[in-house]
């Protein structure tokens, strides 16, 4: 389904003038010549177009003579967006480009008085003023515009679409939006298709988080923590055999069984909500139309009033000899049918450090090759402490090197690989042999092969990310986007879920609540877990100035770790306060066990405007790690010692 470009109004000429201000004989067009859709009534007063009274009458004639009138300026971006909106709805409209009209300046002044609008565009629908760019888009998003257009039903409005909403991507955000929209009685379809990795790995419904991200990562992190707990248990009186071994195959089987149950649960939930699910690859082929191709190559065409892009990201490859042939990514690791053995992890992202951490935690020989800094975008003080802790626990780091070639020495499960790497600041070349090489150098948005250029959706050409409004709307009014593919937004599963639900509520339930992307809590599940909310120290200095922030910090020693006497003065707490705003806490950071559990509650406090004084007045729970935040007294600026002798300070 779709609509022909330039539909006629009342069987007349195309609805949008493309005359560039001239008529057939080359004369500059007068406002009186602009009537392509319907024949305008004769000038009721017989005035010349230069008179204010006549201008008002002429403008009123346009408004009365057409179902949809857009007073526009040809060079105005907002005007173009409004015209695209009506085109996308297949609704005929009349446009008067005032900058291409002989008496346009006078008409614009009169229009300002008549419509009480100070800028263009100005839109009228069925003789009712909708307003400018913002009010028009808002009326569309709330459904008021569509209802008004269908009053007395013009014959040339499009037929109903196949669906109210088609969602491309069956990850956490897309599924949340689908179920929420269906709850309001909307007809919803989800298209989800997993392109296999270079090694052929595929998975089921649920997206990255469920299949190859948060869920298996946390479970394997738990496997590593249990190994540490077994060691600690001897100090608590448990008689554990000295030769405790980890069974990779059993762990993978358990993890994949759990993921399989989640995949099935999602399909059941969609069915119960009456959401149509197709395991097919979605590509836009025209306005409001999409092609769905299944794994057998069978194609179907669907139409929808609105679309939501929730395609997520996939791991990036190095583009060097041997990377796709011999290396794995996180997309492969969590279902790897054999123990990876001696492993090189390439990258310094949270994915790289988390995977390196749990692989080392189950007893493997792990090396991390780092191009520059650890955990780019995170607080670097915390990132460096994580790196130090990992090194102290046997994980090796090769810093300021990048692989330039990966070769297979011996095939097998695992086999043997040779990695050739070059220094980032010299000509030095090094080589190393590993059983497995895992790439975790970043992720790319899945936006370049879904036909966005066909419907005019803008993306950042460098990153593939999609810029959106604060309501997750792309530059094409009927297409929205959420999740990791958004430009300059937090890439976290709960954020995508929240954005998806709120979007559906705005579109179909009359809500005006938008997703708040500020002060989003997160946790990095490295061996020493890192929880954070708000600004990093670097960002706080950049935003408020070093002289206007105060950093309170302290090491702490979890009581549970005192009996095995390990990792004293490794756990660390830090808050960053804005001294110009009553020492409001603008950054919260913690390294230690259960960091995510600790951070979650404090995130709510930060959203409520938590101050240092309020923290100080809070009585802590003893003995727990989180109580350290109620007793922070040493500032970084002071340089005083923050070492702890025991769990009670």
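Backbone N, Cα and C atoms are what each Cβ position is placed from, and that goes for glycine too.
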According to Swiss-Prot, region 'Required for interaction with ESR1 and ESR2' applies to one of these ranges: 140-144, 145-149, 150-154. Which one is it?
145-149
Looking at 163, 281, 530, 552, which residue has the phosphotyrosine feature per Swiss-Prot?
281
Residue 316 (NADP(+) binding site) CB neighbourhood, other CB atoms within 10 A
15
Helix, strand and coil residues within the domain 'Glutaredoxin' (56-156) as assigned by DSSP:
52 helix, 17 strand, 32 coil
Per DSSP, to which secondary structure element type does residue 465 (NADP(+) binding site) belong, with helix, strand and coil as the options?
coil
Looking at the recorded positions listed here (218, 281, 622), whose Cα lies nearest to that of residue 378 (NADP(+) binding site)?
218
Calculate the distance in Å between the alpha carbons (Cα) of residue 465 (NADP(+) binding site) and residue 281 (phosphotyrosine), and round it to a whole number.
19
Which entry in the list of recorded positions, 218, 465, 622, has its Cβ near the fewest other Cβ atoms, using 10 Å as the limit?
622
I need the CA-to-CA distance for residue 281 (phosphotyrosine) versus residue 353 (NADP(+) binding site), whole Å please.
32
